[in-house]
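Read the structure below first, then the notes.
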Protein chains: 2
Amino acid sequence: MSFNNNVATKFPKLAPKGPSGELLLASERAKGSFDVNELSKFMYTDDWLQRMYKVLEVLENEPAFDKSDRYYLSREDKLASSLWKDNRIVELVREQNWDKTDTQIADLLYDQSTPFTLHYNMFIPTLMNQTTAEQKKLFLAPALSHRIIGCYAQTELGHGSNVQGLETTATYIPETNEFELHSPTLTSSKWWAGGLGKAANYAIVMARLITDGKDLGPHPFVVQIRSLDDHRPMDGVTVGDIGPKFGFNSVDNGFVMFDHYRIPHVSFLAKYSQVEKSTGEYSKPPNSKLSYGTMVFVRANIVMGVRLALAKATTIAIRYSAVRQQFVDAANPKKWDNKVIETPVLDYTMQQYRLLPAVAAAYACFFTGREMLRLYNLNQEAMQNGNFSLLADLHASSSGLKSLTTTMAIDSIEDCRRACGGHGYSSFSGLGQFYQDYLPNVTWEGDNYILTQQTARYLLKTFRNVVAGKAEASEYNQTITYLTQYLENPKAKCPATKPEDFANPELILSAFGFRAAYGIAQVAEQIDRHGRSWNSMLVEISRISKAHCQFMLVRNFIVALQNDDHLAKAENRPMLNVLRKLASLFALHTMEKELSEFLVAGYLSSEQSAMLKQQVISLLEQVRPDAVSLVDAFALPDYFLHSALGRYDGKVYEAMTEMAEREPLNQTLVVNGYDQFIKPLTNPTKPSADGVAAKL
Amino acid sequence: MSFNNNVATKFPKLAPKGPSGELLLASERAKGSFDVNELSKFMYTDDWLQRMYKVLEVLENEPAFDKSDRYYLSREDKLASSLWKDNRIVELVREQNWDKTDTQIADLLYDQSTPFTLHYNMFIPTLMNQTTAEQKKLFLAPALSHRIIGCYAQTELGHGSNVQGLETTATYIPETNEFELHSPTLTSSKWWAGGLGKAANYAIVMARLITDGKDLGPHPFVVQIRSLDDHRPMDGVTVGDIGPKFGFNSVDNGFVMFDHYRIPHVSFLAKYSQVEKSTGEYSKPPNSKLSYGTMVFVRANIVMGVRLALAKATTIAIRYSAVRQQFVDAANPKKWDNKVIETPVLDYTMQQYRLLPAVAAAYACFFTGREMLRLYNLNQEAMQNGNFSLLADLHASSSGLKSLTTTMAIDSIEDCRRACGGHGYSSFSGLGQFYQDYLPNVTWEGDNYILTQQTARYLLKTFRNVVAGKAEASEYNQTITYLTQYLENPKAKCPATKPEDFANPELILSAFGFRAAYGIAQVAEQIDRHGRSWNSMLVEISRISKAHCQFMLVRNFIVALQNDDHLAKAENRPMLNVLRKLASLFALHTMEKELSEFLVAGYLSSEQSAMLKQQVISLLEQVRPDAVSLVDAFALPDYFLHSALGRYDGKVYEAMTEMAEREPLNQTLVVNGYDQFIKPLTNPTKPSADGVAAKL
């Protein structure tokens, strides 16, 4: 090429076909029935929102937090830019005097995991909770000041869910008062640990403790894996990155193997169990249910995270569906300035059916997350007083809710992406990478299928207790309540006689309770009377966990609207009204999705099913005018969304073209590879290949 | 760093924990009840398989077709390697004397779209079908010899599904006998065209033909967009890449805008309609239904593609599930060499429930694809003789089947990925990129939601005809048959009295026919009697399309097993037996998934639902021993799968570590970014930040 190839491609300065996205969204916002800001404050508090906007302003002016290049980066560049962010946030915390909440907000807005994420989320918390004073001084203090950067290595190449099957060993050597870490097989390689691949110099390693010839199963050790001087792997340690993944490529998930690698006695995390020096004698940890409380807390936050994920996905899809116009709906043509225009796709019932229940689900997860946090606090207090009565139900529900809601979230993210049509497939939608990065949630913190077994075990045990008259009703245990009601009248029928009857909250709660109880009773009968094995019942087992948790989501939503003092105020009536519609929509859409279970239970009839479906369509119509306002209330800034389709101002097409202009391939006129691979075909110097090519 | 940083990380030479994947898969293969090769030959023919192995051998020795680096490449490198493949295959066709089938096999095995894909799949076929002799000489001949490389630009930034809404104009200028191509708005930019971004120098452009002041709607033009000398965009043409996508990043999907860009009269594709020189007079194309036949052909191939997609996904997931062991199933511990080992996850009912119906669905799509091709040929022949009686049903079914089966495929790919646990998330599973690249199938060739409306319109029309006594039964029109049966006995009930009754093919077919007819009758009633609008019925409309197409899939599978001569031979009895189990599993699993519709229709009772579920679990047990053999029969080579988890030899863990060793980040000891971003924290020269960091 003799010409200047480094000419960037620019779009001509043209406007999109009108009406513009700005005008369309403005008309949507004018239709809203409630005060958007009030609903935002209700969910987040005014204080949190103000902090969020303050942190946002800082980040928008920080090159290390700039997202402009996020969708174009190679794996290596993603990692480098993540390390920049990890470095810069340490400085920002100091410069801005941010507290924990501010820092969490910054991470939330940045919205991408980095190599240091597990240093903060797993390494430091583990050191805080499981170490002695000496260990805190040795490991926690330098971790807090970033002298050491840690990660958490549990999963192995051959073992994930079954922690008891881990192979890495840590053998106590009394002669030198050391442990010898060893990886006996290829499958024993630690695998998946975030931050381990390239960034961390320390790791919490779960290894089988072997002392005095006895294998005591997996225990945590704090282990140096890289030199503090030059970051090279320690002798005896093979460590690296596990390679590219479906998502999460801004993180260096890593592997590590140990070859008879010696670590000092103090590496064994010794707050709960100890290995005595010289003798190697082992003392067991005190049996404690307290850790179950912590799990409830973690899962309540996961459910709140689901709320955020659904909010993000629906904000993008709803705004774009209000801007995107396709076809004229002949039966009901849309007019603008007295002219017929194509219909915004959000006016099509199918699009509403795909999107509005997901908005309702976001609000459902908000109310359940809030309730879980309330019960967590109640339970922590009760346990301090020796009262463990709340724990079992709370823990079981939280397992199933983690499973159910994260699956709901990932399905909705993908539904929203597809509902954006072709442009949903562009990285600029923001939904593709979001889907990829969110996905691990269905596997980590308990695989979603395996978790349902924990919930089901509790439900079956409670059922047997209720049948035996050994369970006492309590306002904190809805499981006992709905099981008792079911057993009192196992032939109950839904009383609905017209579609509007399905708007009745009591009818909804009875239906969900009955359906859950019926399923539990069936499984109990199969196992207890017919001797079916647990394995052969796994499909039904996952269903009863789901049925129970759908009951919880529906109930928490409905009860919150009945009891919340703030919502009860006269001036908040419009907000309460729209939330009530959402609660009905969430419940009835869920009922429709799971219709076969309500029918099999004999609770609903065919005629009632038709009424139910009619009521769902009617609710879609009722919620439709508030659709954009409801996602606006999530208060998610454009910086967070980083989506051409989901922009607050509706400038979808301007954003698509601006982002396309940044594509690296568009910085040159002629593509790399032209001279080598295209030109020899289009401008051949050899005899033509016409005859042969015709066969293609 | 003063040391040599360019040291690649290598795993120690250790074996995985036993029993090895090789031994586990060998034990699975020993359990198979039928001849795997015979089943492969039945599906592909022996001739095709022999060609496939021959082409495979060539590709495995071609650097341009090497997949080793596929999962690590940046966008730019993906594109460059694709251009290399595009260039090399032209040479290979000549060197190897490949015909069309061989070339298609090479593309299938390479399994990744490239910039030239649409040159072959859209540009050349369009030129073949829609040009005059003069145009063939001018455009088709150089396209076949690769002097020009084309693409197909229809979709615009603002318009996809609604082709009639396209904005780009082509105005005839009688004075110069030219057309003036113009993009009046930003939304009129062509968008998404594969190959347009960087590689093509020509494009078929769909633009509104304007002549003599009249807008005649979108018509195709063949347009030069880049110089044949140096590949620079032509003056008046703004062209580039639309940026990164969720998948398909080996293709340069592009945009193009025209600024009063003149093209000669001969650019208008003039086989079917013409614009007369000078006068600009327009002559309409002859109205032809023939193009509907072609659509059936395209969709039959899409359904065959679904078979391949399901085959690929299940081959990977089933083989890995036979190798991966997790937990000991206490009630039924697995033994190996008389020692208890962890249970291969494929032995868990839930895993079987997640995977085996997808294997059955792959076979279902094979039989339906085959039947569609048979009917396509019958119909082409009939149409030549002026008989259009088959067309409507065939076209309507093919629309719905495209929609239903591609959705089944994409859902199954993701189900299979998740069923691989954590490692499913690694790129090395092969399933992540596969999901991403397959996804456009649910949008292109007709959006899957919109397509269901076509099918439903036909179903409703047929229903009205049957009611009016104006439809005649025919062996080629099953719709009329099941609608007639339904109308004869709209209160029919399923006769099953025990789980095994559900194995009866006649019972299955009656059930699916009744359920489809019931749904169609309900929708007809709502629209015709209650005056419900089409828009408000869209949810139910998509359901009746699905119900009809599930009937077709089930029927084609069952009828093929009843009528196929080859399968009827005594020596093929074991193959027929396993296919029968798969047909039942596919049908009954589908029935269970759609249970609410069978219940609402009043066809199934609660008791029968329980029997149905029992029969599904029983079928999973029956199919389980053949699971690995059934995916082996798909005959998909390791080169094609390119998956660490799905290897034929079961060396899952060896492959995972070998692929991790190739990760670019593992070619250096210390990561790029350490000096700048990590070292300043771990080895600070400034005063420590301990106090502040503690707030994090």
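Using N, Cα and C of the backbone, Cβ positions are placed for all residues, glycine too.
Record features, source TrEMBL:
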type	residues	note
ACT_SITE	A:GLU445	active site, proton acceptor
BINDING	A:THR155, A:GLY194	FAD binding site
DOMAIN	A:35-149	domain 'Acyl-coenzyme A oxidase N-terminal'
DOMAIN	A:151-259	domain 'Acyl-CoA oxidase/dehydrogenase middle'
DOMAIN	A:292-460	domain 'Acyl-CoA oxidase C-alpha1'
DOMAIN	A:504-682	domain 'Acyl-CoA oxidase C-terminal'
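Shown here: features listed in TrEMBL, placed on the structure.
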{"residue": "A:THR155", "record": "FAD binding site", "Cβ contacts under 8 Å, 6 or more apart": "A:LYS190, A:TRP191, A:TRP192, A:ALA193"}
{"residue": "A:GLY194", "record": "FAD binding site", "Cβ contacts under 8 Å, 6 or more apart": "A:SER113, A:PRO115, A:THR117, A:LEU118, A:CYS151, A:TYR152, A:PHE248, A:VAL251, A:ASP252, A:ASN253, A:GLY254"}
{"residue": "A:GLU445", "record": "active site, proton acceptor", "Cβ contacts under 8 Å, 6 or more apart": "A:VAL298, A:ARG299, A:ILE302, A:LYS402"}
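Each of the recorded positions A:THR155, A:GLY194, A:GLU445 was checked for a CB under 8 angstroms from a CB of chain B; the ones meeting this are A:THR155. Sorting each residue of the domain 'Acyl-CoA oxidase/dehydrogenase middle' (A:151-259) by its DSSP state yields 6 helix, 52 strand, 51 coil. Broken down by DSSP into helix, strand and coil, the domain 'Acyl-coenzyme A oxidase N-terminal' (A:35-149) contains 89 helix, 0 strand, 26 coil. Per-residue pLDDT, averaged over the domain 'Acyl-CoA oxidase/dehydrogenase middle' (A:151-259), rounds to 97.
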